[in-house]
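**Student:** The structure is given below, and queries will be raised subsequently.
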Amino acid sequence: MKNLRKISQGIFLLIFLFLFIQTESKGRDDLGYPVKIFLDFDPLILTTTVLSAHHAAKTFYLSIIAAGITLIFGRVFCGWICPLGTLNNIVSSFKKWRTSAVNREWYRVKYYILIFLLASSIFSLQLVGIADPISLLIRSLSVSIYPMFNYSVRAVFDSIYSSDIRGIVNVSEPIYSALKKTLLSFQQPFYIQSAFIGILFFLILGLNLVEKRFWCKYLCPLGALLGLFSRFSILKRSVSEECASCGACANVCQGGANPDKKEEWRDTECLYCWNCDDACPQNAVSFGFSREKVAASMDLGRRRVITSMAAGVVAVPLLRVNPLSKSEFIHARLIRPPGSLEEKEFLKRCVKCGECMKVCITNGLQPTVIEAGFEGIWSPILIPKIGYCEYRCTLCGQVCPTGAIKKLTLEEKVKVKIGLAMIDKGRCLPYAHSRPCIVCEEVCPTPKKAIWFEKAVVKDRRGKEVFVQQPRVDLDLCIGCGICEAKCPVVDSPAIYVTSIGESRSKDNRLLMDRY
Amino acid sequence: MHRREFIKSAAIAAAGFAIPHSIDTLFSTAGAFEKVDLAVAHGASPSKITRAAIDAMGGMKKFISRGDIVVIKPNMAWDRTPEQAANTNPEVVAEVVKMCYEVGAKKVKVFDRTVNDPRRCYVQSGIADAAKAAGAEVSYVDERKFRDMDIKGEAIKSWPLYTDIFEADKVINIPVAKHHGLAKLTMSMKNWMGVMGGSRRQIHQRLDESLVDLSMFIKPTLTILDAVRILIANGPQGGNLADVKKLDTVIVGIDQVAIDSFGATLFGMKGSELGYVKIADKRGIGTMDISKLKIRKISV
Ligand code: SF4
Ligand code: SF4
């Protein structure tokens with residue numbers, strides 16, 4: 001059973017990583033792979049989104065399937081499928097575990113986390129992605145681990161390339177180009193906060209050295225939710241009379257399910273790893289379908305349940321009493337990807353999984369710090385200086401699991417305004433420095449260019465007349481894609497820049513009057 | 001005279017229909033061709049007019065030798081489809097690739113340093129697929145392959161340029177003719193921006209001089225101006241099909257200045273209206289005055 005389980009875990013992890021790597025443009029309008037399918041399968045995301053936004057993603061039935069499987073087989077998802085669980089497993093195995101597992105009673109913590117998340121989502125706060133394992137994993141990989149991996153591999157091959165000791169490049173370059181075609185990203189990704197998010201992730205992995213699958217046992221809210229379902233599962237563990245209470249099973253238990261205490265086996269904690277079955281010298285353990293109640297009852301403690309619920313409720317106003325919740329105070333640079341819902345609605349849905357950031361062609365989508373308030377931490381923001389919104393690309397809407405970013409057709413996409421460009425005349429070359437420059441106009445992608453020129457004859461220092469074309473932005477045509485900002489030769493602080501005003505999704509963040 | 005002319009163009013047209021080489025070789029070795037400065041072919045099929053125009057210039061054999069490594073530099077800088085005329089026509093590129101291989105080229109490389117995302121530009125322009133199908137090696141620009149080059153020009157003293165261009169035996173430039181906000185029109189000389197590394201956006205401060213500097217430094221074996229569709233406004237990327245004019249024309253020549261000067265006439269302009277053409281003519285890179293050129297026009 002153990003090997004079977006390992007094979008299953010390995011396969012799912014590989015599928016997960018494969019789909020993760022495929023979350024990247026190949027130049028066509030579609031990705032060609034169901035890259036977000038693990039998120040689709042996640043019943044926790046479904047539950048909180050339904051609670052907070054009263055909305056279920058189109059593919060919600062997949063997570064119903066996952067819940068259904070748990071109702072029949074218990075938390076097999078955790079033991080056999082979950083990619084983060086598998087990583088936890090792998091890290092746990094770095095350490096030799098001799099003594100029987102520490103018997104902590106912390107397993108309840110994850111239920112409190114779950115209750116907190118559910119309570120806050122009832123009051124429309126969507127915080128689930130911070131702790132949901134699939135979102136957490138995708139975000140950490142996208143924003144931190146994968147960029148890190150790319151950076152190191154590229155650094156190695158680049159230094160080989162530039163030194164070229166004894167024609168070694170002939171060997172290294174084919175390897176490098178094979179890697180580029182398979183494992184590496186098209187270009188080196190860079191993210192703000194990548195160090196922070198990476199450290200959090202390493203911390204979670206590191207906890208496995210404190211205790212096997214620490215995260216899964218004590219913290220994971222999805223595990224808690226599946227644990228609740230697990231109570232109803234009909235696949236149960238039973239122990240026969242042969243049991244000699246030797247404790248061998250407790251040593252290998254992955255979930256802290258109390259397998260050695262016959263009547264107190266916790267069905268909610270069991271990951272169905274079958275380790276106890278394999279380890280039992282007496283062959284006393286068996287798993288089978290039964291309706292009989294064999295497990296220990298779960299007692300979360302009424303007071304603590306109420307506390308975590310209350311915390312979830314209190315978190316809502318706590319995170320929201322900042323001026324950003326007033327429409328006039330919306331952060332000027334909070335440019336959301338095209339197709340994003342109106343800000344409040346957006347926050348109810350975005351789970352901060354980072355799929356959109358991973359897929360963004362130009363690397364312009366970045367995790368917010370506090371531009372969207374604490375509530376919106378790690379939600380996507382377009383930072384045009386890093387990367388603009390590619391005019392004919394619709395990928396972010398295709399990968400967003402919750403519809404926080406709507407899936408747009410190309411025809412719809414090109415009409416969406418995500419902001420407006422403004423010119424800083426004090427920095428712009430033709431305005432401030434009597435030098436020709438038309439870069440912003442050249443790259444402006446709207447069919448009729450949103451940047452137009454006012455022709456002017458200006459004087460340089462010596463009084464010589466210079467003909468320049470001074471760029472102006474047509475506020476009706478500008479869609480705020482930010483390519484002008486990204487390509488403006490005044491690189492440090494571009495002479496043309498985009499702010500969120502005028503974004504189509506908002507009724508308040510307006511500039512032009514003709515919409516009334 | 002009339003009769004000879006007719007026979008020749010008939011032969012050229014026939015060559016377009018994939019007559020075995022030996023026949024057109026026969027014609028050229030027999031000295032049936034006079035020296036032509038520009039060949040302008042008109043017709044419904046982009047690939048046929050491309051072939052016809054090259055044949056009118058003496059055939060690909062005249063330019064590419066057996067075993068050559070050839071770089072083809074199309075314009076595929078924009079995330080636009082072929083109908084939108086922002087990039088070189090993919091059929092034209094593919095046909096040139098084929099013709100290079102027909103005369104024994106060892107390898108044909110196709111690349112461009114794009115403005116929009118390279119993946120999208122390569123795919124959406126249709127060029128990557130077409131060129132690959134014709135056997136070309138289509139690769140993305142590798143930033144490590146730019147080397148500072150001593151251009152010693154008037155505006156550009158030195159600039160990182162793509163080494164593949166200089167390591168190739170032959171270079172074929174295949175620009176598309178279109179409108180541009182600063183240069184007015186962009187054609188062959190402006191196409192060299194696609195081999196510039198670094199922060200090339202600065203050259204707009206002295207665009208005309210810079211383009212001439214580049215064109216003096218990079219000497220293509222052959223230039224093929226794609227005017228199958230031209231963009232008459234909102235260039236260089238367009239996007240509105242109303243700005244696209246279908247001319248079904250391909251112009252082939254050696255002299256970049258002549259080509260661009262002739263190209264201007266497609267837009268109802270004169271070569272002398274383009275700053276870079278004028279400067280290039282003055283510096284003796286080529287001939288701006290098209291009345292001095294021998295131009296052969298063919299319909300296929
Ligand atoms: S908006 Fe981006 S980060 Fe948020 S849920 Fe959608 S894909 Fe994930
Ligand atoms: S690209 Fe920048 S400097 Fe150049 S014209 Fe536009 S805003 Fe001004």
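All residue numbers here begin at 1 and follow the chain in the order shown.
For all residues, glycine too, the Cβ spot is worked out from N, Cα and C.
For reference, TrEMBL lists these features for the protein:
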type     : residues  : note
TRANSMEM : A:60-90   : transmembrane segment
TRANSMEM : A:111-131 : transmembrane segment
TRANSMEM : A:190-210 : transmembrane segment
TRANSMEM : A:215-234 : transmembrane segment
DOMAIN   : A:261-290 : domain '4Fe-4S ferredoxin-type'
DOMAIN   : A:339-370 : domain '4Fe-4S ferredoxin-type'
DOMAIN   : A:378-411 : domain '4Fe-4S ferredoxin-type'
DOMAIN   : A:469-499 : domain '4Fe-4S ferredoxin-type'
**Student:** Residue list, the transmembrane segment (A:111-131) vs rest of chain: Cβ under 8 Å, 6 or more residues beyond ends.
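**Tutor:** Tertiary neighbours of the transmembrane segment (A:111-131) are 44-45, 47-49, 51-53, 139, 219-221, 224-225, 227-228, 300, 304-305, 307-313, 315-316, 319-320, 347-353, 375, 377-378.
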**Student:** Can you work out the mean pLDDT of the predicted model over the domain '4Fe-4S ferredoxin-type' (A:469-499)?
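**Tutor:** PLDDT averaged over the stretch: 97.
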**Student:** Give me the DSSP three-state residue breakdown of the domain '4Fe-4S ferredoxin-type' (A:261-290), ordered helix, strand, coil.
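**Tutor:** Here the numbers are 8 helix, 5 strand, 17 coil.
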**Student:** In the domain '4Fe-4S ferredoxin-type' (A:339-370), how many residues does DSSP call helix, how many strand, and how many coil?
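**Tutor:** Summed over the domain '4Fe-4S ferredoxin-type' (A:339-370), the classes give 12 helix, 4 strand, 16 coil.
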